[in-house]
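Here's what TrEMBL has on this protein:
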| type | residues | note |
| --- | --- | --- |
| DOMAIN | 9-69 | domain 'CASTOR1 N-terminal' |
| DOMAIN | 75-140 | domain 'CASTOR ACT' |
| DOMAIN | 170-208 | domain 'Cytosolic arginine sensor for mTORC1 subunit 1/2 ACT-like' |
| DOMAIN | 216-268 | domain 'CASTOR ACT' |
Amino acid sequence: MDLHILAHRLRVTSISKSGLQNYTHPLIKLIFLRNRTRCKFFSLTETPENYTVVLDEEGFKELHPSEHLQVECSTWLPLNVVSNGNASSSSQAVGVTKIAKSVIAPLAEQHVSVFMLSTYQTDFILVREKDLSVVIHTLAEEFSIFREEDGESVPVHSQDACNAHHSTVHPVMIPQNQFCVMSLDPDTLPGIATTLIDVLFYSNRFPADLLFTSSSGELWRMVRIGGQPLGFDECGIVAQISQPLADSDISAYYISTFSFDHALVRNHYTHILSLYLFSTQAI
């Protein structure tokens, strides 16, 4: 397998619920008017507390400073695991589970904090730019590593690095919401723009009854990690959740946000995960 270090330099930000109206124009521009901005990487996740926006440096310029905007100070680089020239996939486990043993666990052992963004087709593992040498050294034996430069994939060689390791067990909860994991062709965005704007800007709460269906109609449940905001310095959080799921071959998507982490597992696996999490918290 290959590990690609993408060319984007990303910032992780948070917009408060009360301040969302101050960012209506830049967010609409970034989501629906891609030809009006040079932003090439954009992700928005709503949680009950805030909106997490991850975007590259060009997109970050669109977000004006204010009391409603929090910005994590580090610059993050997205990594992508590729197999046989395509985004890694499996007929069984998908999402973060498929890279738990090869990427997530080794980085946790080297005290490298990661920020996960699972999508319908691939998983982006964000690491701090300052940790890149440790990442390359840690994963060089498992992967052929490439870095994007001027649109070309350039081989990267291992560099000596070392670090320490520690982890903390965090409380978790499983809300009753059910979700579908789906993908949208960017060309279809104009046709659903009104619906998305309504959900984003005119909903006063996290919509529990809104469900977009995918072709499979498969339902997923969310596991929320953290009783207090997790911060960005601790490592091993993703590994604590993804490793046992990988051992049991249970698919999971994983979404990190500014304050908390969230894992999605298929609905019929929720009881298995609940038993595991209960036993882990009791230890």
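The backbone N, Cα and C atoms fix where each Cβ goes, glycine too.
Of the candidate ranges 9-69, 75-140, 170-208, 75-140 has the most C-beta pairs within less than 8 angstroms of the domain 'CASTOR ACT' (216-268). Long-range neighbours of the domain 'Cytosolic arginine sensor for mTORC1 subunit 1/2 ACT-like' (170-208) within the same chain, counting only residues 6 or more positions beyond its ends whose Cβ lies under 8 Å from a Cβ of the stretch, are 20-21, 24, 27-28, 31-32, 34, 44, 46-48, 119-121, 214, 217-227, 230, 237, 240, 253, 264, 267, 270, 273-274, 277, 281. On the 0 to 100 pLDDT scale, the domain 'CASTOR ACT' (216-268) averages 86 in the predicted structure.
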